[in-house]
Amino acid sequence: MKTLSQAQSKTSSQQFSFTGNSSANVIIGNQKLTINDVARVARNGTLVSLTNNTDILQGIQASCDYINNAVESGEPIYGVTSGFGGMANVAISREQASELQTNLVWFLKTGAGNKLPLADVRAAMLLRANSHMRGASGIRLELIKRMEIFLNAGVTPYVYEFGSIGASGDLVPLSYITGSLIGLDPSFKVDFNGKEMDAPTALRQLNLSPLTLLPKEGLAMMNGTSVMTGIAANCVYDTQILTAIAMGVHALDIQALNGTNQSFHPFIHNSKPHPGQLWAADQMISLLANSQLVRDELDGKHDYRDHELIQDRYSLRCLPQYLGPIVDGISQIAKQIEIEINSVTDNPLIDVDNQASYHGGNFLGQYVGMGMDHLRYYIGLLAKHLDVQIALLASPEFSNGLPPSLLGNRERKVNMGLKGLQICGNSIMPLLTFYGNSIADRFPTHAEQFNQNINSQGYTSATLARRSVDIFQNYVAIALMFGVQAVDLRTYKKTGHYDARACLSPATERLYSAVRHVVGQKPTSDRPYIWNDNEQGLDEHIARISADIAAGGVIVQAVQDILPCLH
């Protein structure tokens with residue numbers, strides 16, 4: 001097994017291992033792909049196979065034949081027998097038709113900034129192949145198969161974070177994939193199972209020869225939304241995981257704050273039956289079931305709480321109403337991204353049944369742009385909610401008797417508890433809400449001679465979403481650390497020992513134990529998670545927890561009961 005290099009990217013949530021496991025191939029061409037399919041290929045190196053369905057393969061060839069006939073007859077078709085964009089009034093001869101496609105790669109090779117994570121580029125190749133298998137693009141099966149070969153061999157072109165306005169698709173990013181697939185020039189670089197090399201060398205190692213693009217093929221490869229959609233699919237997948245973990249954190253916090261389960265009673269939420277609200281309430285009932293730390297008041301009875309409020313504060317009591325629209329929103333985004341995953345997004349499109357071609361705009365990434373704007377907004381709301389819970393836990397005035405800043409050893413007077421950890425979290429949360437600002441509605445770019453005179457900024461929105469997801473991953477790690485320390489301290493207050501496993505609900509005990517395992521601390525009865533400040537570096541714990549989440553490790557496995565509903 002070889003691990004594909006992440007040297008070109010700082011985004012930890014995009015790590016993946018190339019396993020080459022063929023037992024559950026993802027088939028391209030005869031079935032719709034899901035976000036989970038994209039994650040399997042992009043992250044885990046699951047092998048892909050082009051369908052051998054005869055009708056589909058014949059349709060691909062028929063679209064190529066249509067283009068060839070159009071070139072031979074001189075029929076005016078955009079980007080085939082004409083120039084591009086604002087120069088589409090330039091007629092291209094039969095002799096120049098192939099050169100036009102190769103030149104397209106060259107003049108679009110203008111990317112800048114950091115390299116994209118490998119997993120996002122792998123997702124893009126998968127989606128480009130999936131789009132072309134519809135037989136409406138006029139591209140050879142041989143070129144589509146190159147993407148299958150690259151994916152299965154762990155060969156990933158380097159693509160850059162700047163270059164696309166999401167108008168005519170991801171022209172600049174896809175030029176790097178195209179140039180690498182055909183071995184156009186040594187300046188096109190790839191990652192070959194962790195080793196950087198130029199594209200022609202990679203082709204030789206794969207026993208492949210350089211390809212010359214035929215008419216329409218360059219445009220078909222570069223004129224589409226596959227890169228922004230690949231990034232978006234990975235971001236939605238990550239956000240679903242982080243939402244599930246956040247639900248687990250809230251369940252830990254409710255137990256640590258000695259909260260009630262009454263606020264999640266079905267009677268309340270059936271009276272306001274938004275799907276996300278119903279889901280959140282039902283999940284919280286399950287997450288808190290059989291806990292010894294929660295107030296079990298599902299019978300509708302109420303008890304006075306000494307000097308505390310008779311009902312929980314809003315961040316606990318209104319959890320379903322707050323999280324419900326976020327869950328619904330993420331679900332809607334996922335549906336839109338899956339439609340985009342299974343769409344044909346280049347131009348023109350070829351209708352082989354009616355021997356016609358149509359000039360259109362499926363390359364405009366507006367659904368992706370707006371979807372990723374909304375996803376970042378929802379991530380900011382998720383962080384805001386967790387931040388409020390952390391503030392309750394850290395403040396003895398509101399924590400129902402927990403020590404200030406969740407101090408462990410109060411006899412050591414210099415201990416400050418999780419004060420620094422909260423400050424770090426406070427530095428992250430505003431940034432996440434800032435990233436929640438939209439970009440699809442901003443900065444109109446009257447690009448390319450006013451041909452691309454409206455754009456989606458879908459690619460930029462998606463890359464911002466990637467950044468937001470990676471930052472939120474660190475914030476969730478901090479929230480988990482607060483939750484684990486808090487339930488240890490609540491357990492001590494209730495039982496006289498610190499091992500929260502004895503008191504937690506079974507569902508949250510799994511999450512608690514997973515975090516303890518990841519940070520390398522077994523629970524004990526005589527000490528909570530954090531005892532003295534100088535006995536561990538909490539920055540290392542943040543990094544370990546974040547890395548485990550990124551790798552789909554034991555923390556993610558601990559919330560598997562929640563994930564199917566979100567996926």
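Yeah, the Cβs are placed from backbone N, Cα and C, and that goes for glycine too.
Copied over from Swiss-Prot:
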- Y78: active site, proton donor/acceptor (ACT_SITE)
- S168: 2,3-didehydroalanine (Ser) (MOD_RES)
- N223, Q311, R317, N347, K419, E448, N451: (E)-cinnamate binding site (BINDING)
| note | So N347 ((E)-cinnamate binding site), by the Cβ count within 10 Å over all chains shown, scores 22
| note | Comparing the Cα of the residue listed as 'active site, proton donor/acceptor' with the Cα atoms of the recorded positions S168, Q311, R317, N347, K419, the shortest distance belongs to N347
| request: Check the recorded positions S168, N223 for other C-beta atoms within 10 angstroms of each C-beta and report the one with the most. | output: S168
| field | Cβ atoms near Y78 (active site, proton donor/acceptor) (within 10 Å, other residues, all chains) | value | 17
| query | When the number of other CB atoms within 10 A of each residue's CB is tallied over all shown chains, which of the binding-site residues R317, K419 has the maximum? | reply | R317
| query | 10 Å Cβ neighbour count around Q311 ((E)-cinnamate binding site)? | reply | 15
| query | How big is the Cα-to-Cα gap, in Å, between S168 (2,3-didehydroalanine (Ser)) and K419 ((E)-cinnamate binding site)? | reply | 49
